[in-house]
Amino acid sequence: MGHGSSKEDGSSSSSDEDAKPSRISRVKHRLRRHRLRRRRRSDSSHKKLFAAEDFAGIAHLTLINAEMKFKDKWLACVSFGEQTFRTNVSTETDKPVWNCERKLLLEKNGPLVARISVFETNRLSKNNLIGYCEINLLDYLTQDSDSDFGTFDLIDPGSSDKVVGCVRISCNVEDPIETEKNFARRILSIVDYDEDGKLSLSEFSELINAFGNNLAASKKEELFKAADKNGDGVVSLDELAELLALQQETEPIMNCCPVCGEVVEGGDKLNSLIHLSLCFDEGTGNQVMTGGFLTDKQASYGWMFKLSEWAHFSSYRFGLNSGSSASHILVFDRKTKRLVEELIDTKIVLSMRTIYQSKIGLGLMDKGAKEILQSISERQGRQMNTVESAKEIPKFVEFFKDQINMAEVKYPLEHFKTFNEFFVRELKPGARTIASIERDDVAVCAADCRLMAFKSVEDSLRFWIKGRKFSIQGLLGKEVCSNAFIDGSLVIFRLAPQDYHRFHLPVSGTIGKFVNIPGCLYTVNPIAVNSKYCNVFTENKRVVTIISTAEFGKVAFVAIGATMVGSITFVKKEGDFVKKGEEFGYFSFGGSTVICVFEKGAIDIDDDLLANSGRSLETLVSVGMTLGVSKKKPGSGGLPNLENCVLRN
């Protein structure tokens, strides 16, 4: 008893010796097939190991239904950290029902805010975002409530005070015991051929052999007896769950996860629990959200985009891209700790790739196209200062409706008489908080932008800037550059057209001479910066000044013009003493960049900014967010320490 099928059906089979190879290979095949199916559904990785103090729990989120203002076929996405998941598409209704679930890992210093986006699916290539909400899962899970259910308003992406519907969710913390049972249930379902919910010795033996652990395989009968607590000759779901949990802590049965193939460390119950919970997110009866997406925009695309992706015309990934791979620009939002896609017109992307990612395109630049681009930029700049240009403002706001917050803007749209007036718009007082404002040894971000930060120029060349001739000397010019900057830290603040285009002071100190360096007006988009054929930062028009500080020594501040940006305006003058966070100037119409160069050893840049930059991933930041802390001791550089001065006759 207990050596054949767990069902007593009296059927005979080949001898164990004959059956073993084919049966084991069949089990491995089923595990491998399950593994491949999961990889298609999600590219999530659980390789990161967590300490107990960093782990906040596993949230089990279910997207139940929504109520919308009109009928359509609806799709919902959940974005969390660097992952996005999507539901199935509902039937045509104004009350879509999904009942789709997903498990999300919560870290105390990691992403906590989940964004739920609801799309109407009436387009071939892409679907239309109708509303969204953002939920802090840790706050939701720790609130004083007896119910796991909640209803949240969906906000119009173009107007933060307009509600377009509501969505109902359920969210609770994963029970560790239930996780172990779910894991055992999934394992059992894969190897339980007669589907009676129990494992005979032969089925149990095949499972242990399939795990590939030779030590466990040599003790399978002993393990079977240990698992069979009630001695009925079969291992039940609860008995298998208890055995697997116990053995993973003491003498692991599994060397690797049977679902994804990743190595599972024995003796580390926390990380084993995390891994098994996130891997075994299926089989609960509800529809599981499909994973493998980086942004909600990617997840919402229709079949036309999927066809272009299959043909390698378009792709979604972050990192140091070039050519066709740069068709979508992804950045990491520092505030929400989530990947977001930068909005940019497809025609512009194609034209930039044609010009900046080929020798032919840059060859045209060398044969007079630079002058043409300069002329176009100047003409477009003049056009954006005309009264007629004001009619472009509503179109611009609509296109960037999810990335321009009009509630922060100082004046309403009707206040702006030209497009350029809107482009250099001011924000309401207090719209940007300056971090540690009382501490001048804390540097802050100089702009609303996409930021890259590097400890040295060598790092910037390795991870981001691919122009062959980039150097600090070339960037700052002979008049300003000094040896102290050569091996210094470099911070790049890239402003996109939709950003607030006034730049602010990252440090407190005294403003030096402004040096104008004439040049081209290449785009500062990563497609050009990552091009080996182009030297954007050292060839573009720019203005350089030095800020002399007590805490950071001398800081070089470079304002760089770009395509359609012919005008750089400063609101401070040489000799002014300034405080960090104060407005320093603004760029007129177009995209643009600020670069700050710190002397070697002057600043300890924030770890998260360096980590993202090391992945060739820009960080979306706002004016006033922390940039880094001074490494200099008081009086070691920059402004003179008057306490140590001695007056002599």
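Note that Cβ sites are derived from N, Cα and C of the backbone, with glycine treated the same way.
Going by TrEMBL, these are the annotated features:
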REGION    1-44  region 'Disordered'
COMPBIAS  1-10  compositional bias 'Basic and acidic residues'
DOMAIN    20-150  domain 'C2'
COMPBIAS  23-41  compositional bias 'Basic residues'
DOMAIN    179-214  domain 'EF-hand'
DOMAIN    215-250  domain 'EF-hand'
MOD_RES   Ser592  pyruvic acid (Ser)
ACT_SITE  Ser592  active site, schiff-base intermediate with substrate
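When pLDDT is averaged over the domain 'EF-hand' (215-250), the result is 80. Secondary structure of the domain 'EF-hand' (215-250), assigned with DSSP and counted as helix (H, G, I), strand (E, B) and coil, comes to 25 helix, 1 strand, 10 coil. The domain 'EF-hand' (179-214): residue composition by secondary structure is 25 helix, 1 strand, 10 coil, according to DSSP.
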